[in-house]
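Record features (TrEMBL):
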REGION    1-26  region 'Disordered'
COMPBIAS  1-23  compositional bias 'Basic and acidic residues'
TRANSMEM  32-54  transmembrane segment
REGION    63-112  region 'Disordered'
COMPBIAS  63-73  compositional bias 'Low complexity'
DOMAIN    131-291  domain 'PPIase cyclophilin-type'
REGION    271-292  region 'Disordered'
């Protein structure tokens, strides 16, 4: 029969074990909480890095980088909408808002009224110092963007301008063109809103922040990440690339054109762009852009 002293000692040891188990559980909960907080910070920082890469540049000019690699994003790439959920009217109006910076090359803004959407596609030849790049512009899905591109082309805006940026990162492979200054900050002196696929989402839809695949051959507009900041700069996707659906897709590059871009990409870039990529080691200049 245990004595009172023995019973007290046993109870004391039991209490100590209970307190130790409680303390151990509390430590584990704290560790999980800290780990979760750190992970949250890492994800936010990673997302912030992507956003910075996508929107860095001078907002007063209408352009910026297409993007650095978005492989840092914690979200898996989704699928770009296959097309508009509903077709546009046969005639649309477009808005081109004057900017605060002078144009890189003097041009008149595009016309704004009665833009015809019934012509589904427009074929264009972009002659470059490395070979021809054939473009099929998607007038049905992004008519204001196509209207702008054709207006600039008709005024020789793109003639004798460099494709100033090549990105060969994992998850992002693009050649960026359309700035007569060659610095990545030039535009036509006005800006306009995104079209497809951005306008297939509600403005508050979190899916706008989730990368989707811009397929090989896509032509898309570069922008500064601010509203109405499309201008003249565009990028040509030479391999499937992941970007949030905040860049207007307005056409496709033909296979001959892709071969030309791939030749340039194979030579690499000089890594001079802070947001990722750099000037192509094999220089490529646009000599003319003309409708076929």
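A Cβ is built for glycine as well, from the same backbone N, Cα and C atoms used for every other residue.
No curator has checked TrEMBL annotations; they are predicted automatically.
DSSP assignment over the region 'Disordered' (271-292) gives 0 helix, 9 strand, 13 coil. Along the domain 'PPIase cyclophilin-type' (131-291), the predicted structure has mean pLDDT 97.
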